């Protein structure tokens, strides 16, 4: 296909869905003469997850554009990055990566024979490469090495020298792999600019750098191999996929930090050029989208329900994962997976005298800063028909600005002057350009017609009054919940409205000093 494309056609394929490109003019000059040589590297650390389909889909684009593509399994980098891959597991994890990455590529129809696969230790331990590491270390400052790895290398209080070597090795890989360009996530940008600065100091050419955006995880933050709740593993069962997608952050009308929507944009559309939203006939039936922008617009305007979007992504994702699951269902592949990633609970003994069991430690609900709020004003969001912008008094010097997707469910006159329950220590987040400084908690029920009702504090409660969970009165809330810990998301799973219309967590009531937090009618509803 690459031979039949025009120069502009090749450039468009290479650059579509990228967040940034450094060296575009140089890329076009090379494309006039010959195929572009690109490499993508992956450190063989934690298990690859579904976000890896983003670079896989771009690799498919590169091949369609006639590029020569090398995939580097950066085993030495995995060890240098704070020993994310212990030396005794390095070989096993590299083999696992080789098998699973190849299975991913095959599942999206990429011909493996057109790719070059190589391990870092095949050339990084050579005399010439090692000498260049020393040469590079003589010109790179400690400050620049640390800065370059800040977004990629694990940050610890007392960093190891190995983490400072990491960016230099990645820069040298461009020369030793004899490529024109390196492709990676935008989190690699500082390493890429480090390479552009220091390779010429050794007499080597500056390379082109192609960067794809980082796909948000299921909880809204970056998807990460080390954070179980934020990602779907490539070997997760259909039941696990359904469970994780059900819990995924996908607020009606909110297109920012939406991992479900981002997966459609960066994986499903590039692979299939269309996406089908599955809907019941009574809600209009299935709808086929041929461009992402229309889907995003419909979701923002709440013409696409989060439940329908999740169900549609679930079906498409399971289709991609099926051949990978099949490959890893053999006894040989199961053994490789278990050996490369042994169960940590079986590897570590419980310290003498410890009473802590191996189960998941319960999160303390008192970490949530829940307060009584009073809505002082309500207005329509200027850029989103489904969102309100509210000014809420929570007992502080100034009211908080809160954005909520309640337009379809609660008339504004029913909110004005109302006492509500506000979660006050979530990290502030922009919603269609306006920063929301809290979450208004509501009960909801799914069905033919979704119903939503704000939670009601006891009558007479004052703005700013603390709301706590029964039995957890003495705990202190965190100043700001850390998104990576997903405290709210883990607790929210057990939020429910009881038969007597009380808001509860694991059967324990939400309370103020005046009594229980309630809901008007939605028995058995979820809270969020």
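The first residue you see is number 1, and the count goes up from there.
Using N, Cα and C of the backbone, Cβ positions are placed for all residues, glycine too.
Now, the feature entries from Swiss-Prot:
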BINDING   39, 166, 170, 173, 188  L-tyrosine binding site
DOMAIN    364-468  domain 'tRNA-binding'
REGION    332-362  region 'Disordered'
MOTIF     44-52  motif ''HIGH' region'
MOTIF     222-226  motif ''KMSKS' region'
MOTIF     242-247  motif 'Nuclear localization signal'
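When Cβ-Cβ distances below 8 Å are used as the criterion, the motif 'Nuclear localization signal' (242-247) is approached by residues 218, 229, 232, 236, 260, 310, 313-314, 317, 489, 493 of the same chain, each at least six residues removed from its ends. Among the residues the record lists as binding L-tyrosine, namely 39, 166, 170, 173, 188, the two farthest apart have Cα atoms separated by 17 Å. Cβ neighbour count within 10 Å across all protein chains ranks 166 highest among the binding-site residues 39, 166.
Proximity of residue 188 (L-tyrosine binding site) to non-local residues of its own chain (separation of 6 or more, Cβ distance below 8 Å) is seen for 151, 152, 211, given in sequence order. According to DSSP, residue 173 (L-tyrosine binding site) sits within a helical segment. Per-residue confidence over the motif 'Nuclear localization signal' (242-247) averages out at a pLDDT of 88. Remark: secondary structure over the motif ''HIGH' region' (44-52) totals 3 helix, 1 strand, 5 coil, with classes taken from DSSP. Its Cβ placed at the centre, residue 170 (L-tyrosine binding site) has 26 other Cβ atoms within 10 Å. Long-range Cβ proximity for residue 173 (L-tyrosine binding site), meaning a same-chain Cβ under 8 A and a gap of 6 or more residues, is found for 39, 41, 72, 74, 120, 124, 182. Following the DSSP three-state reduction, the secondary structure of residue 39 (L-tyrosine binding site) is strand.
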